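K.L.:
Below are the features I grabbed from TrEMBL:
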- 53-83: transmembrane segment (TRANSMEM)
- 57-486: domain 'Major facilitator superfamily (MFS) profile' (DOMAIN)
- 95-112: transmembrane segment (TRANSMEM)
- 124-142: transmembrane segment (TRANSMEM)
- 148-169: transmembrane segment (TRANSMEM)
- 181-198: transmembrane segment (TRANSMEM)
- 210-233: transmembrane segment (TRANSMEM)
- 335-357: transmembrane segment (TRANSMEM)
- 364-386: transmembrane segment (TRANSMEM)
- 392-420: transmembrane segment (TRANSMEM)
- 458-479: transmembrane segment (TRANSMEM)
């Protein structure tokens, strides 16, 4: 009774445990003219605090993605100096660049089970430690073989990081802001790429033996901030429910939702989703013999992840100096300066997606993105094939390459990770998202490891024409297989995929999904 007396406010309603109503409220009459204003003040105060807290969690959870972005960006320039210093062949260059993505699928596959076992938060920490070790080995590598060992370790760490960050953010975010917040990992990938390009330009004046080592060593720094973040961010409430730690989950939801009624509603939905799972059937058996609803989820999640990469975005970023050299830029410092423009474009336009993803929805952004990418990829191919080297060719190549990465960042770049993190059922989410990340990393690695060979066989321009055809196919995939998930809770999205008519219709109203719950 004493606790009840402390928590009740003037209206006989429960107060907000994290925000004391203050000493004035203790003595305020029930019919006071100021009570409503004070309640509104406390509500606004809680909203601001909640938004800051969730924003901070999303930022800290996304730091691992800086590592991936930095590696992608820095390797585009570092490979020039590695070739000079270690005298590696063209095939070795392709293997060195592409192996990180291929090996990262090991981390992504293991990441699902690891995050189910030790939690989402500590999986992020584990990823950072592995990457740090790999980056340190690469920095001091005296030979190509040792460099490959470090590259493989870094790849495993990145594999863990890229699959778990979107899952964690989706599980702690309130429904209304989930799309924007789950896009943060893509923002940080872009930020990392830009930092990698800047690092290339900044250290390009050093000797070939030293420059690439300094470039790779700088990538260790974000891991320090990740270590600090582990002591600040909470565990995922949905993972806590799966571990029967319901009260801890409620406390986390109190910090990440704006009112108590929403906390209880979300907690009830999570408990229901966890309770309806077939716990006797292993997760991997469900994924290998999926129900019709799960099959639709897997097609959407893995398909969008693969299309994100087979349209050639990593090849564009890794080999942008090669592309610009084909257009006519010969000076090495100018090549690296042009790649900085690519990094700025890719980073700046992600902000548009963050603003719009929860307003206009996932699917419209995907249409704009895939159509724009198809146009720009076609433009790069035509420019390199039909125009002679010169200032016009260089200008058009830079314009179309920057346009391609900009359209990528507006849509399929961030939306891909948002969709994969929100469409799968709670019990399968981590491991199914891991499968999507595996598809993403495998496609990235295959493209990166074959780009130079294919370009030599059919020219750089011909390679980009192939990318434009694949990008056109992605438009059709979005139309047929991607439903709109804006404004729906994770549990409601699961129900959406269970109804084939609603899934095929693409656009589903929240009331329609709620009607499914009643069936």
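Cβ coordinates come from backbone N, Cα and C, glycine included.
How buried are the listed features, and what sits near them?
P.N.:
Here the domain 'Major facilitator superfamily (MFS) profile' (57-486) has a mean pLDDT of 84 out of 100.
Counting same-chain residues at least six beyond the ends of the transmembrane segment (148-169), those with a Cβ under 8 angstroms from any Cβ of the stretch are 57-58, 61-62, 64-65, 67-68, 71, 95-96, 99-112, 114-115, 120-121, 123-124, 126-139, 141, 178, 181-182, 184-185, 236, 417-418, 420-421, 429-430, 433-434, 436-437, 440-441.
Residues 54-55, 58-59, 61-77, 162, 165-166, 169-170, 173, 215, 218-219, 222, 317, 336, 339-340, 342-344, 346-347, 350-351, 353-354, 357, 409, 413-418, 421-422 of the same chain, all 6+ positions outside the transmembrane segment (181-198), place their C-beta atoms under 8 angstroms from a C-beta of that stretch.
Sequence-remote contacts of a segment are chain residues at least 6 beyond its ends whose Cβ falls under 8 Å from one of its Cβ atoms, and for the transmembrane segment (335-357) they are 73, 76-77, 179-180, 183-184, 186-187, 190-191, 193-194, 196-198, 200-201, 204, 316-317, 320-321, 324-325, 329, 365, 398, 401-403, 405-411, 413-415, 418, 486.
Residues of the same chain lying 6 or more positions beyond the ends of the transmembrane segment (392-420) and with a Cβ under 8 Å from any Cβ of it are 166, 170, 178-179, 182-183, 185-187, 189-190, 300-301, 304-305, 307-308, 311, 313, 316-317, 320, 323-324, 326-329, 338, 341-342, 345-350, 352-354, 357, 362, 365-373, 375-377, 379-380, 383-384, 433, 436-437, 440, 474, 482, 485.
Tertiary neighbourhood of the transmembrane segment (458-479): same-chain residues 303-304, 307, 310-312, 315, 322-323, 326, 363, 366-367, 370-371, 373-374, 377-378, 380-386, 412, 451, 506, selected by CB-CB distance under 8 Å and a gap of 6+ residues from either end.
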K.L.:
Can you work out whether the transmembrane segment (210-233) touches the transmembrane segment (124-142), with the criterion being 3+ CB pairs under 8 Å where the paired residues are 6 or more apart along the chain?
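P.N.:
Yes, since the transmembrane segment (210-233) and the transmembrane segment (124-142) share at least 3 Cβ pairs closer than 8 Å, they count as touching.
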